[in-house]
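Pasting in a structure now, in structure tokens, and then I'll have a few things to ask.
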């Protein structure tokens, strides 16, 4: 049918004279493509102009500068008359856009405005985000991105990233080749089963890979064109979504077992075949039962990273190391109690154990004895070993059973209490008071997202500990004034780690991710915490210098990759920090010929 339509118009899509059949009325706007004459059941060819000029340039988010096109550029690229006559600087555009975003009172409206900007003008979006990162980070990522994912079907405008569903089984390589960019360096992929603390959001989890990769660029300097967000849609078990007429994913129960495993195998093989072995694949928000399995399965043969396990672990370990600058002693001198034994909790515990073993020169098995876990059934102890999942068994120490968190705190007497269970208000007043009676400076990390599921608020932690707690959280909290002293809560945000970590992997050409590289990232972050930060209650450096932080983390990660023989980018740069900074993407407008 397409051939007959084109033949009807002489097959001349652009320019030239079209020979018309005798008796055909001519004049007016010529239907060069045959689109207007085609009926709904006929097919037409979707012609597209490839040269970036005129309307196509204004609609290309990577090259569009809006009102910042100069007079010369407007003439050269056929923009004259397509824009108002004023020429604005990028800084003025940024100022106006920030004012527009601030006018919205609802966070989701701010999120939508920023995503719209990203679709219109990529460089302006990243400049706005980089220059106002502390204000806008909670908008483009946690906590607002959680609500965005819940309502993704309703706010869906233009597709971002790749959607690979079970419909494409056996054709995943073909789907990857549909993505126009070929030089991909970082992929963030989710199957949407455990989005933040919100559960199974299926295909609507795409907001997470999109948000993560925006931060890879803004905070880590990885080029936007080198980033690819992917959602793997194997169905959903969320009854509300299955009944939602606006749900954008497959309306079927989740694939599991062999079907799921084979689909992921095909995906990983296709990624490697299409992009090579040096593309970093970051697993994001997979359910616990798949997260550990996938990481262990692919880490020996692919360049993979799980931010929920390794990224969270690195940022929390960095906070603990920084907190000990105030508490005193080494990691091996203290005891750690985790509330939550999922992928985040056990991932943190494993990295802390690995760091203890490195610092104290003991085995990891010996180091694990300093770490205790509480799950939904109480303290994990040896008598429960037969019923425990494999990743929990290594922390099943000899101890009498304890049913609840308060009892565990009293029995274990930890220096640090770390929450990742997603159970809001589980760090009660009594729990914090007991922690404060045991420790002069109790370390309290309430890591669960979003804010409604945080184990306690910053105000509660400071008030109940009489201002003595060293507090960190997964969600942002406002500064707290207690007894005339202002405390600035530290947000243990993975965004401190994964952008710089990814940049380090990319600039070194690493072919595998090792635990030592993750440790290097944590240590690099902790090194940047000064005594002045600790005095204010901060266990992380201010986010306002995040690109500097990321460059330092990238340099440490790259150095470790070179030391381990995993780097392929040769020769090794002499100054890795300067090299990392030189590789970082700049959002400043370019001049066009």
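The backbone N, Cα and C atoms fix where each Cβ goes, glycine too.
Whatever TrEMBL says is automated annotation, not expert-curated.
This is the feature table in TrEMBL:
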DOMAIN    118-299  domain 'Malic enzyme N-terminal'
ACT_SITE  141  active site, proton donor
BINDING   194, 449, 493  (S)-malate binding site
ACT_SITE  212  active site, proton acceptor
BINDING   284, 285, 308  divalent metal cation binding site
DOMAIN    309-562  domain 'Malic enzyme NAD-binding'
Within 10 angstroms of the C-beta of residue 449 ((S)-malate binding site), what count of other C-beta atoms is obtained when all protein chains are considered?
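There are 23 such Cβ atoms around residue 449 ((S)-malate binding site).
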Max Cα distance spanning 194, 449, 493 ((S)-malate binders), Å?
18
Taking the Cβ of residue 284 (divalent metal cation binding site) as the reference point, list residues of the same chain whose Cβ is under 8 angstroms away and which are at least six residues distant in sequence.
188, 189, 190, 208, 209, 212, 306, 307, 308
What is the separation, in Å, between the Cα atoms of residue 285 (divalent metal cation binding site) and the residue listed as 'active site, proton donor'?
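Residue 285 (divalent metal cation binding site) to the residue listed as 'active site, proton donor', Cα-Cα distance: 14 Å.
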Take every residue in the domain 'Malic enzyme NAD-binding' (309-562), average their pLDDT values, and give the whole-number result.
94
Sequence gap of 6 or more, C-beta under 8 Å: which same-chain residues meet both conditions with respect to residue 141 (active site, proton donor)?
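When sequence neighbours closer than 6 are ignored, residue 141 (active site, proton donor) has 211, 212, 214, 215, 495 within Cβ distance under 8 Å.
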Count the Cβ atoms, other than its own, that fall within 10 Å of the Cβ of residue 493 ((S)-malate binding site), considering every protein chain shown.
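The answer is 27.
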Compute the mean position of the Cβ atoms of 284, 285, 308, which form the recorded divalent metal cation site, and then list in sequence order the other residues of that chain whose Cβ is within 8 Å of it.
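Those within range, site residues removed, are 190, 194, 195, 208, 283, 286, 291, 306, 307.
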